[in-house]
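The structure appears right after this line, and notes come after that.
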């Protein structure tokens with residue numbers, strides 16, 4: 001009897017649960033945005049989203065279709081509310097692969113705009129972020145597909161590839177959140193460009209104080225910058241000219257196998273920081289203008305050439321970042337960590353463009369490929 | 001009887017629970033990157049208290065704390081103290097339940113009403129808490145598998161975008177600030193007071209101090225590891241914004257097969273959180289058994305129903321905040337000050353185990 | 001008949017016969033045969049249906065007819081017999097298949113063992129097949145079964161105790177154990193538990209199982225029923241007790257640990273890494289069959305955010321036109337599966353194959369084409385079923401398949417959190433269980449059991465099975 005009573009009470013407790021399934025979000029009902037882009041239009045935000053629809057065509061065969069919609073408003077939330085009305089189910093950003101900014105939008109303080117992604121737990125923070133040059137960001141989406149991939153996924157892949165090619169450091173919405181709030185450290189974002197109906201990563205956009213500075217580094221300089229940042233990808237290839245002669249078929253290229261960066265900050269008499277960067281690279285020759293034996297004497301010479309070339313280039317690179325006022329190396333952060341008192345006395349935004357930065361690159365050639 | 005292994009897992013499961021989710025945030029907001037020092041201080045404090053508690057429980061290893069009170073304080077006073085302890089455990093459980101439902105509601109189940117989660121939680125925990133302590137400890141041993149998962153996931157953070165420099169400058173906060181933050185850290189180490197109630201069930205009471213110290217060390221190391229991992233992955237302002245850094249840490253990670261580990265992790269982290277509740281229920285039920293001489297099983301059910309009723313009350317944000325700040329002091333009174341007093345009384349009366 | 005319960009035989013043959021026939025309720029298969037031995041009338045009584053007539057002819061009738069010796073005892077010396085003095089003994093003995101020999105003017109009777117041994121030949125067990133290892137299996141005869149054990153354990157330590165249960169069934173139960181290995185307290189508790197059902201009429205070994213189990217309401221079997229002598233012998237060596245019920249072709253092993261249910265005797269016959277692999281595989285199968293459907297439902301109904309984008313679309317595509325909630329889908333599919341399984345068990349093997357085909361092809365593919373159940377759900381349930389069939393012991397296999405239902409329900413209610421709570425309760429339940437007073441699920445011993453040398457209670461490496 002007692003047992004029956006217990007069971008009945010248990011059931012009484014369990015039955016109310018049957019009314020439940022409060023939070024159910026069936027996969028069928030979900031509408032997920034794959035790509036988002038933001039542009040600035042008449043001092044309003046224009047958000048465009050891509051939702052990938054899958055159309056089944058019999059067992060195992062399907063087709064996809066991008067449903068692209070835009071809305072303008074004073075805040076992202078406002079545009080989102082409008083965008084929601086276009087779709088059949090609850091719209092969520094849990095599968096967004098890419099976030100694009102139009103050039104003019106990127107020049108705003110991005111941190112305050114993206115709060116939408118960080119404050120609620122739904123959105124996916126692994127999305128890649130990029131700036132679109134030369135056109136509205138939303139135009140990119142109208143391409144529909146890249147290769148065989150739907151546009152949003154294709155863009156993700158493109159940026160992913162450029163990360164492994166050391167054009168931009170690994171970055172997602174999540175790392176952005178970190179850097180937005182990091183004093184004394186700026187970052188770079190990939191810049192996308194549409195050329196003849198194809199999209200490519202055309203360089204790295206320097207971000208200064210959470211906004212795009214408008215300055216972009218071309219692709220050939222990017223790997224070096226990443227080496228200086230000590231944040232390079234799997235394949236880091238660079239080129240130099242033989243004997244510094246810029247002519248046809250006089251370039252040799254090399255792949256960085258190992259890199260060691262030393263960042264020294266000293267203070268001069270007036271308390272202004274002075275930065276010395278020393279880069280120690282181990283490279284293998286990747287391509288050489290002539291198919292011939294490279295003697296060890298020649299190797300010595302090549303090492304000198306590369307070192308000289310890279311030192312010069314890195315010098316000018318640092319100048320560029322200073323011009324853009326984008327402390328991508330995190331020199332300010334380093335000062336903050338090692339010398340907090342000095343950091344407090346500095347107005348970094350004003351100081352950074354004017355501090356002297358010396359770079360020195362030393363290169364050792366370890367191998368010459370499979371040919372000697 | 002509880003072997004050393006059983007005791008160890010009981011204690012770490014009692015210590016580690018909901019606290020781990022929010023602890024780095026609280027510490028960081030107080031003392032920034034020096035939070036680990038506060039943790040260390042809290043750990044030393046906890047170690048001191050463990051020594052006191054073990055000494056107290058050893059003074060009569062065959063009795064639970066409630067019975068000990070009767071002998072040391074006389075029946076009337078003991079009854080009051082025991083009731084106070086039961087109330088303390090109830091309010092601790094209450095706070096725990098509020099925090100759990102809060103986290104679940106913000107992170108996973110946004111619409112599920114509080115009572116449903118509390119009901120689930122109470123059914124599961126009272127099912128465990130009604131068992132004997134040996135069974136509980138053996139179940140906890142299995143649940144401890146989740147700690148390995150946690151440590152593994154934390155290690156996976158390291159290949160991500162981290163910056164060790166964020167730990168610097170070391171010691172930028174004044175020593176008093178660091179000490180002031182340690183009670184917040186101490187709350188997360190609470191749980192070892194369980195020793196007072198399970199002494200009669202321990203196989204070799206002599207080694208209990210060592211086991212407890214190891215358990216404490218484990219929890220402390222885990223917390224410090226977690227805190228350091230959080231510091232190096234979040235930048236300053238960002239860290240001070242994130243309520244549950246542990247979950248946010250996992251939110252940013254994604255793998256080939258699973259994109260959102262935070263959801264899976266939090267869902268299953270419910271288990272270690274529940275174990276803390278199980279311990280609270282167990283302690284309280286021993287008290288109820290002692291005061292009203294019910295069966296322990298029955299007292300667990302009664303307590304569960306009381307907690308369910310309490311959980312049905314609407315609780316505002318400010319109430320939650322004030323309850324958690326009161327709880328910090330209650331913890332110190334009930335876990336530290338009172339047992340210390342009792343130990344002095346025991347020594348004065350010259351009771352030996 | 002109460003008055004004649006302990007009544008002794010009289011010297012009056014006709015009276016004796018009458019009383020015996022009354023005691024046997026005048027049953028039609030009670031045969032009597034009249035012989036003469038040195039001038040005295042001898043009556044043979046036996047139950048036609050269970051006595052071995054050839055043996056009666058050969059060992060009783062022909063020696064008596066030859067009249068080799070003066071005394072009847074010497075004449076019967078080739079055959080095992082015992083002397084009976086009460087009617088009760090005689091009728092009991094008749095019921096057991098013995099032949100009763102009564103002489104004129106004699107108040108004792110001889111009971112001669114003539115039970116016809118209609119046993120099944122020793123065959124391979126159908127339910128616990130192995131690829132490596134012995135192929136003999138228990139039969140419906142306890143003494144044969146014990147002989148199978150004795151062949152493996154040639155030691156005087158192997159002790160067998162017979163007890164008879166039930167007023168009507170009078171069935172023998174044999175308790176076997178190794179005196180040197182068994183824990184006396186455990187043995188004592190087993191015996192006292194069996195003592196409680198002394199008067200119950202035992203037909204199935206389930207009745208013994210129920211008496212032995214500490215938690216009869218638990219869904220998990222707490223004693224292992226095996227048809228394999230090698231498994232029984234192995235467990236005997238570990239100090240467990242093996243119980244046979246006459247007419248039941250299986251042995252009950254108790255106490256037993258949960259991990260033993262995941263073990264097949266051929267594990268111990270393999271190299272250690274093969275052993276380890278298959279054991280891990282079964283653990284995985286256990287976890288999968290309990291959690292997989294629930295996990296799928298939770299992902300489908302709550303946490304699609306955790307899926308990578310390609311999987312998300314694959315899944316979405318497969319459930320796009322299915323009208324049912326995944327919970328309903330899962331329950332429907334589980335029921336279909338159980339129906340198919342049950343149907344094929346009952347039917348002759350040739351027809352069962354047809355059922356398999358019908359199930360796999362017709363129902364499986366048609367149900368997807370008609371959009372009743374999604375492709376993924378069919379896959380999920382199929383994997384669940386296959387993993388549950390991997391478990392070597394049928395009882396456990398069914399249990400764990402059914403254990404997935406509460407989790408499915410919880411997953412449909414709360415998503416992953418429901419599963420976490422469910423598993424928490426499952427684990428506690430498993431940990432709580434004891435088998436004859438010994439813990440059912442011990443803390444995992446990481447490196448011990450997959451080494452073939454010293455397996456302890458069949459336990460082994462365990463990755464916390466239920467978390």
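Using the three backbone atoms N, Cα and C, a Cβ is placed for every residue, glycine included.
Residues or ranges marked as transmembrane segment by TrEMBL: B:7-27 (among others).
Residues annotated as transmembrane segment in TrEMBL: B:39-56 (among others). Here the transmembrane segment (B:39-56) has Cβ contacts under 8 Å with residues 27, 68, 178-179, 182-183, 185-186, 188-189, 192-193, 195-196, 208-209, 212-213, 216-217, 220, 223-224, 227, 335-336, 339-340, 342-343, 346 of the same chain, all six or more residues outside its ends.
TrEMBL lists B:76-100 (among others) with the feature transmembrane segment.
The transmembrane segment annotation in TrEMBL covers B:112-128 (among others).
Among the features that TrEMBL reports, transmembrane segment is placed at B:140-158 (among others).
Outside the transmembrane segment (B:185-202) by six or more residues, the chain places 1-2, 7, 10-11, 13-17, 19-20, 23, 26-27, 35, 38-39, 41-43, 45-46, 49-50, 53-54, 56-58, 61-66, 68, 133-134, 208, 212, 215-216, 219-220, 223, 276, 279, 282-283, 286, 327-328, 331-332, 334-335, 339 with a CB less than 8 A from a CB of the stretch. If you look up TrEMBL, you'll see B:185-202 (among others) marked as transmembrane segment.
According to TrEMBL, the transmembrane segment annotation covers B:214-243 (among others). Residues 7-8, 11-12, 15-16, 20, 22-25, 27-29, 32-33, 35-36, 39-40, 42-43, 46-47, 50, 106, 147, 150-151, 154, 157-158, 160-164, 166-167, 185, 188-189, 191-192, 249, 252 of the same chain lie 6 or more positions beyond the ends of the transmembrane segment (B:214-243) yet place their CB under 8 Å from a CB of it.
Sequence annotations record features per position, and here TrEMBL assigns transmembrane segment to B:263-288 (among others). Outside the transmembrane segment (B:263-288), and at least 6 residues removed from its termini, the chain residues within Cβ reach (under 8 Å) are 10, 13-18, 21, 64, 66, 82-83, 85-86, 89-90, 92-93, 96-97, 100, 103-104, 107-108, 121, 124-126, 128-130, 133, 136, 140, 143, 146-147, 149-150, 153, 191, 193-194, 197, 247, 250, 294, 296, 299-300, 302-304.
Under the heading transmembrane segment, TrEMBL lists B:300-320 (among others).
As annotated by TrEMBL, transmembrane segment applies to B:326-346 (among others). Sequence-remote contacts of a segment are chain residues at least 6 beyond its ends whose Cβ falls under 8 Å from one of its Cβ atoms, and for the transmembrane segment (B:326-346) they are 49, 52-53, 55-56, 59, 68-69, 72-73, 81, 84-85, 88, 91-92, 95, 183-184, 186-187, 190, 193, 196.
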Are the transmembrane segment (B:7-27) and the transmembrane segment (B:140-158) close enough that 3 or more Cβ pairs fall under 8 Å, when only pairs 6 or more apart in sequence count?
-> yes
